[in-house]
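What Swiss-Prot records for this protein:
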DISULFID  Cys27-Cys41  disulfide bond
DISULFID  Cys34-Cys46  disulfide bond
DISULFID  Cys40-Cys50  disulfide bond
DISULFID  Cys45-Cys54  disulfide bond
MOD_RES   Pro57  proline amide
SIGNAL    1-26  signal peptide
Amino acid sequence: MMFRLTSVSCFLLFIVFLNLVVLTNACIPEGTYCQFNADCCLSQCCWGSCGNPCRFPGKREKLQEFFRQR
């Protein structure tokens, strides 16, 4: 009886641990690709990447981004 109780306890503890891992990895950090505001941890999804606050890029920033992608 004790073995069964221990096995069930370990199994339930494992399930709780997996749920915690999923909850802690639910958001993505700033600067990574996103589709919705809910994807970002504390940021907003701006033009496909997490940023806080949303930055409106100027000509120089757009040009630098163009060269970074090359």
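Easy rule for this one: first residue shown is 1, then count along the chain.
Cβ coordinates come from backbone N, Cα and C, glycine included.
Model, not experiment: these values are computed from the prediction.
Swiss-Prot feature annotations superimposed on the structure.
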| residue | record | DSSP (3 states) |
| --- | --- | --- |
| Cys34 | disulfide bond | coil |
| Cys40 | disulfide bond | strand |
| Cys45 | disulfide bond | strand |
| Cys50 | disulfide bond | strand |
Between Cys34, Cys45, Cys50, which of the disulfide-bonded residues has the fewest other CB atoms within 10 angstroms in the structure shown?
Cys45
By a simple count of other Cβ atoms within 10 Å, which of Cys40, Cys41, Cys46, the disulfide-bonded residues in the record, is least packed?
Cys41
Round to a whole number and give the Cα-to-Cα distance in Å for the pair Cys41 (disulfide bond) and Cys50 (disulfide bond).
8
To the nearest Å, how far is the Cα of Cys40 (disulfide bond) from the Cα of Cys34 (disulfide bond)?
7
